[in-house]
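J.: Would you mind keeping the following structure in view while I ask a few things?
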Amino acid sequence: MASYAPSASSSDISTPRSTSPSSSSVASARSSHSSISTSKRMSISSSRRISAANPMSSVDIAAIEEAMRMANLDTLRGYQQKTYGEVKQFAETQYLSQNQALGYQVINEPMWNKGLSFTPEQRIAKNLTGLIPHVMEDSGKQCERALKMIRTRQTNIDRYLYLSSLKYQNADLFYRLLIDNAKELMPLVYTPTIGDVCLQYSTLYTRPEALYISIKQRKSIKTILKNWPYPNPEICVVTDGSRILGLGDLGVNGVGIPIGKLALYTAAAGIHPDKTLPIVLDCGTANETNLKDPLYLGLRSKRPSVAEQQEFMDEFMTAAAEVYPEMVVQFEDFESEKAFNYLDRYRNKYKCFNDDIQGTGAVVLGGYIGAVNLSGVPLEEQRLVFMGAGSAGVGVAKQLVEYYTKRGLSEQAAKDKFWLVDTKGLVTKDRGDKLAEHKKYFARGDNNGLQFKSLEEVIEYVKPTALVGLTATFGVFTESVVRALKASVDAGGLGRRPILFPLSNPLTKAECTFEQAVTWTDGTVIFASGSPFSQFTIKLGSDQAITYYPNQGNNVYVFPGIGLGAILAKATRVTDNMIYTSAAALAGSLNAEEVHKGLIYPRIERVRDASVIVAREVMKAARRDGVSALPEEQWLTWEEWGDPALDKYIKEHIYDPAL
């Protein structure tokens, strides 16, 4: 193939001589004009010669190279797969028992490795002499070392990676550290750090941490499930990565969510780590960044039709129930329409629940119960505006509707207290667009043909007492919005306080900050957020100050207790009453100090105490609903002796790492 390069330069082009000095000025001017014209003609002619000599000069080489790179990445193009083969494994994996394991077999298994806490007798019995330093340390000393390592890391991603490495070396140490330092470390293990981890998961990947089930291997789901190294898991968190937090479709990178969520099941509720199972269902992704990333770990293809994804989900649920019949399945971060569809489709057939819809609803309801008590606004005058009408927004609103119906309102009267706003404005029946199915329940029909496009217009129209944000849009609660909320509450009378819940995760998606909420409401706000904010102190004078304490409406207050309660009750399904009861139990779990500070959630350091209370009430609700498969004799004992006996049973069955 011939190569082309320009052969002419400015030095190759001659210039005409100037007019003789004896010529007239007119002749000189004409000569000068002629010289310029000739030069331009020769330059154009030269440019054409160069272009003719180099036909590639007008070609976008970068675009061609990018297209070639993408073509090389797309290893599935041209195939039309309509049938799927089944993986046939030649042998079952044989695992050693803990009693049989010796030497590095012990050290390399995170569930067995005790680090420097092995006693001299254990070191001899397990052939560990010389394999670890000749020193014994208790859990406090090992946690001290680990905390020092964490605090010297420069970024939260680095801290996460250290904690992840620790978890897969010494599970007991990891969970002891997490339990004892919940306020500092939970934001690293889950939100807000997990959002950044998911965005970079394919780059950060070093070891498998979950089951990765590809739609290409849909006929082998049972085989894949049986490959999990820990027998009989009790709780599974599954996602397809189609709507991760407020970050959108991350595909297989969304697996960080089940991994982080299950770490919280263990830390917050004491479900043993070897009884947890994180799963990602890989159906491809609509995320162009991932599709172009040469390191992306998932299927490099767009998602198939909704119907085909539904078939894949059906196959997964059937296989999971067959392989692990006692396992509770929690759905996490599915795109809104699928989230509602899957919950409705499976809730009465399998033991499952959706944390985005039901868990978020329960934790917000738990906080809302406390907030109403502090607000000074009578129940009958409460009016709520929701900014965000996705799966979480609608799920929360439905939980709050149940709160009002349980207090004597009809379903319609309760529903009339809610106004939902999405990107197109107030959700109404006559807005002119096709509403998603899950939005129709709350679509207003009493707007008299009026349409309200902005949140400010809706607040002016509704005059709400509470504003809830689930938009995943940072700063959407502007100063004018928050001050309008306060004004509508103040108009009702003295001593009333606005309820403001910016619940989107991570912090970069929060609708407003705690400091903004306090400042814009002159300190009267009852505030709860999805991600943690620091307390805020305002100086009143030279020696006086007032400190405001934020509330975090973190799902970790309810989903671990729901899961634990369902497991211990041997629930055959998770009922709506069990979910509602978890919220009421959370509202009743605060101690005197927390109430005195004006909190509506327990301090995060007490999340284990709250989880025991939630689990207990969920178990009792399962009994009332007739879905508990525990022996009748067991329930008769608890019904005779009450909560102390049931609490004792729960605490005896939870994991508490002691090194």
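Cβ atoms here come from the backbone N, Cα and C positions, even for glycine.
Feature annotation from TrEMBL assigns region 'Disordered' to 1-50. Sequence annotations record features per position, and here TrEMBL assigns domain 'Malic enzyme N-terminal' to 167-347. Residues or ranges marked as active site, proton donor in TrEMBL: Tyr190. As annotated by TrEMBL, active site, proton acceptor applies to Lys261.
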J.: Run through the Cβ atoms and count how many others sit within 10 Å of the one on Lys261 (active site, proton acceptor).
T.: 27
J.: Give me the long-range Cβ neighbours of Tyr190 (active site, proton donor): same chain, 6+ apart, Cβ under 8 Å, in sequence order.
T.: Gly260, Lys261, Ala263, Leu264, Val556
J.: Averaging the per-residue pLDDT over the domain 'Malic enzyme N-terminal' (167-347), what integer do you get?
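T.: Computed over the domain 'Malic enzyme N-terminal' (167-347), the mean pLDDT is 96 on the 0 to 100 scale.
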